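Each remark here refers to the structure printed beneath this line.
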């Protein structure tokens, strides 16, 4: 399944993997998965984290390595984002709940994920998604951007 991914997608997933793999040892543990989930406002139990890892841990060693992560992402891309998942993702970014993602909100979430972005990079991300030019991202623009990925 992972062989249907483009090189660009694989590079993006490698970057995502390294956000999870906090100690850089090439595997994602339940602890590391929990850290990232909590930084996104989720609060999974230890059992839920273990279940998530077990779902993709094909060699049964209790952690996720990059090939396992790739096959998970390839699977996830096939069941493309349901509307519910998109709404949840939008809410993670729209911290004040006003229906818009501002540059500050985008920077905050990206920083929580370990991505230190310059103001220029944040502004560029907003500009790319901001169809109506109001300087922030509304839900429709967010959906368009997510579907274009």
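Each Cβ is built from the backbone N, Cα and C atoms, and glycine gets one as well.
Owing to the predicted nature of the structure, the values given are computational and were not obtained by experimental measurement.
Swiss-Prot lists 94, 96, 98 as binding Ca(2+) 3, and of 88, 105 the one it places in that same site is 105. Within 10 Å of the Cβ of residue 21 (Ca(2+) 1 binding site) there are 21 other Cβ atoms, across all protein chains.
Here the domain 'EF-hand 2' (44-79) is broken down by DSSP into helix, strand and coil counts: 24 helix, 2 strand, 10 coil. The shortest Cα-Cα distance between residue 96 (Ca(2+) 3 binding site) and any of the binding-site residues 25, 32, 57, 136, 141 is the one to 136. Counting only same-chain residues 6+ beyond the ends of the domain 'EF-hand 2' (44-79), those with a CB under 8 A from a CB of the stretch are 1-2, 4-5, 9-10, 13-14, 16-17, 20, 26-30, 33-34, 37-38. Taking each of the binding-site residues 25, 57, 59 in turn and counting other Cβ atoms within 10 Å of its Cβ gives the largest count for 57.
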